[in-house]
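What follows is one structure encoded as structure tokens, with my remarks underneath.
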Amino acid sequence: MSKILVFGHQNPDSDAIGSSVAFAYLAKEAWGLDTEAVALGTPNEETAYVLDYFGVQAPRVVESAKAEGVETVILTDHNEFQQSISDIKDVTVYGVVDHHRVANFETANPLYMRLEPVGSASSIVYRMFKENGVSVPKELAGLLLSGLISDTLLLKSPTTHASDIPVAKELAEIAGVNLEEYGLEMLKAGTNLSSKTAAELIDIDAKTFELNGEAVRVAQVNTVDINDILARQEEIEVAIQEAIVTEGYSDFVLMITDIVNSNSEILALGSNMAKVEAAFEFTLENNHAFLAGAVSRKKQVVPQLTESYNA
């Protein structure tokens, strides 16, 4: 078989990078596939910290599979086409490893799919290593652990599955790190946003969802102090309005997540704010509102928005 590109979603986070790099290695070792892990964007601060810590080179960034002369791809940490490579509809999807909802996804041919409602795609990839009798190199264990820590906020998010806890402990042992100490330092590395422009900030970890025919952009930034982000509200709103006009979003929802106290502030702009308010049963004041206990876009924001937009 010819070369296969393996990649996570656009605006890649630690799980997208870690799961794709590790799965590309597994596919070579277990099944002899000619795989290369690539990325659909540059690593964010958190992921850059992870790659540097474990001495792993960042995957090269690609925009088109066809431009690489590649006809076949494997997706990790996503399946929705609008979150994937630009020419996803023009290539063959060989396989998917994901832990999200399945939506806006269709293929012409059968494929391999591994979908589990767990805390991270990295958790699934690690189990696949074990199932296939392939040892996980120390640096890849570090990347997989980081993906799990990132997506579950160090196992505190409601997306954390019971099986993620032993996975985290095993990966920490292989990687040679203290789970709690490393995890906290890693998460803190991702909260240093002072050098980011407002446009960069709202695009660090952002995904587009099609909700009842509306293109809704849901972004998330992690911080140790929500007020640090709200202090930049004016410039952030300008950037959001520009994104809405340029990209054609109907609405833009920004989660500002306090990783210390496990709460979020929702900053939202667009044409369906009544639906956003109904989703979370709050009232936006000056375009934002507090959402107690919310840390997960996947479990505590997108499903609620989906229900409200479909009502």
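Glycine is treated like the rest: Cβ placed from N, Cα and C.
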**Request:** Given that Swiss-Prot annotates Asp15, Asp77, Asp151 as binding Mn(2+) 2, state which candidate in His99, His288 belongs to that site as well.
**Result:** His99
**Asked** Taking the mean position of the Cβ atoms of His9, Asp13, Asp77 as the Mn(2+) 1 site, which residues outside that list, in the same chain, have a Cβ no more than 8 Å away, listed in sequence order?
**Response** Gly8, Asn11, Pro12, Asp15, Ala16, Ile17, Ser19, Thr76, His78, Gln83, Ala121
**Prompt:** Using the Cβ centroid of Asp15, Asp77, His99, Asp151 as the reference point for the Mn(2+) 2 site, which residues of the same chain not in that list have Cβ within 8 Å?
**Reply:** Gly8, Asp13, Ala16, Ser19, Thr76, Asp98, His100, Gly119, Ser120, Ala121, Ser122, Ser123, Gly147, Leu148, Ser150
**Request:** Let me know how many other Cβ atoms fall within 10 Å of the Cβ of Asp77 (Mn(2+) 1 binding site).
**Result:** 30
**Request:** Count, for each of the binding-site residues His9, His99, the other C-beta atoms lying within 10 angstroms of its own C-beta, and report the residue with the smallest count.
**Result:** His99
**Prompt:** Are there any residues in the same chain, six or more apart in sequence, whose C-beta is under 8 angstroms from the C-beta of Asp13 (Mn(2+) 1 binding site), and if so which?
**Reply:** Asn44, Glu46, Thr47, Asp77, Gly147, Ser150, Asp151, Asp205
